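Engineer: Quick paste of what TrEMBL says about this protein:
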type   : residues : note
SIGNAL : 1-29     : signal peptide
DOMAIN : 66-189   : domain 'Multidrug resistance protein MdtA-like barrel-sandwich hybrid'
COILED : 96-161   : coiled coil
DOMAIN : 97-159   : domain 'Multidrug resistance protein MdtA-like alpha-helical hairpin'
DOMAIN : 198-267  : domain 'CusB-like beta-barrel'
DOMAIN : 274-332  : domain 'Multidrug resistance protein MdtA-like C-terminal permuted SH3'
Amino acid sequence: MKAIHPAVRHPLGLLTLILATAWSLPASSAEAPRGLPAEVHRVEASHLDSVLSAVGRLRANESIILRAEISGRIEQILFREGEKVNQGQELIRLDSASYEAELAQAQAQVNLSRAEYQRAADLLERRVGSQNDRDTKLAQLRVHEAQMELARTRLDKTRLRAPFEGVIGLRQVSPGDFISSGQDLVEVTDFSQMKADFSVPERFLSQLAVGQNLLIEVDALPGERFQGEIYAIAPSSSARSHNIQIRARIPNPDGRLRPGLFANIRIIIGENPQALMIPEQAIVPLDNQFYVMRMNEQNQVNMVPVTLGERRFGEVEIRSGIQAGDVIVTAGQIKLRPGMPITPIFPQSHSTGSDA
């Protein structure tokens, strides 16, 4: 009969034998524990523009409400609302009969005064008239000539013309209306190019200059950008807000931009060809300081304080604390502690050669 080991006869003895055998194996034969899986990102240098952002409002290049300078009845309206008009184009004509009569009367008075002056001058030349009489007639002539010019000016004001090329608005009057001096008639707007008024903190003044390019976006036209340039900077800042007023102009040949729209303005005030940009989710805020978790060669993570810079489309610039080539954790930081090993998971676009 074959002999049976005493431990086999008792289950507890068998378990003890198995554990003793396992513990007696070399440590190298047991697989080393792997760390928690964590998404990581390899830091790379990239080009970064320093951008100053502001919000402004668009206004027309030129805009005026046409008003009558004299009273009168509207005889003709010579435009259609919303159409383009040229500089000097006649828009509204007032009844001019009374003003034409005033001019004719003034012209007749000038003719009479000129004849009287000429008669006085002839008498003085023949030494039968006085110098005083001739001077009086000359003064009267000059007065009547001025009155004639005034009458001609009043007559000309019965023709209301466009002061510049633009688009005519909605009229406030109709043919036959009697209008008073100063009454609003219609608006003329030139938005072949637009102006954008905005303000920036005075500390940026040294980084701005007339002629500097900028980009403008408006909510009314999502996804579109319009180029413009700074053309005026206020000479002084606001005593209350310490902001500087800036005015830019934006070409608008197709008329898509309109006055009154809010504009998001971006001005490039600097550039860094070696900026370190990392995903925003890699930042760990702690006790008024910002950190990232950096992985070392042993795949262990440590907290590294960093200084933040510009932000751009889900990324943030790191100005100190890490360098190009470092590997940082971008997800799962809440489960990690300094010194813990991790199993790095690189994005598909990165090489996974360091994944171990």
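Heads up, the Cβ atoms here are built off N, Cα and C, so glycines get one too.
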Engineer: DSSP on the domain 'CusB-like beta-barrel' (198-267): how many residues come out helix, how many strand, how many coil?
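Structural biologist: Across the domain 'CusB-like beta-barrel' (198-267), DSSP assigns the residues as follows: 6 helix, 33 strand, 31 coil.
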Engineer: Determine how many residues of the domain 'Multidrug resistance protein MdtA-like barrel-sandwich hybrid' (66-189) DSSP places in helix, in strand and in coil.
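Structural biologist: Going through the domain 'Multidrug resistance protein MdtA-like barrel-sandwich hybrid' (66-189) residue by residue, I get 55 helix, 29 strand, 40 coil.
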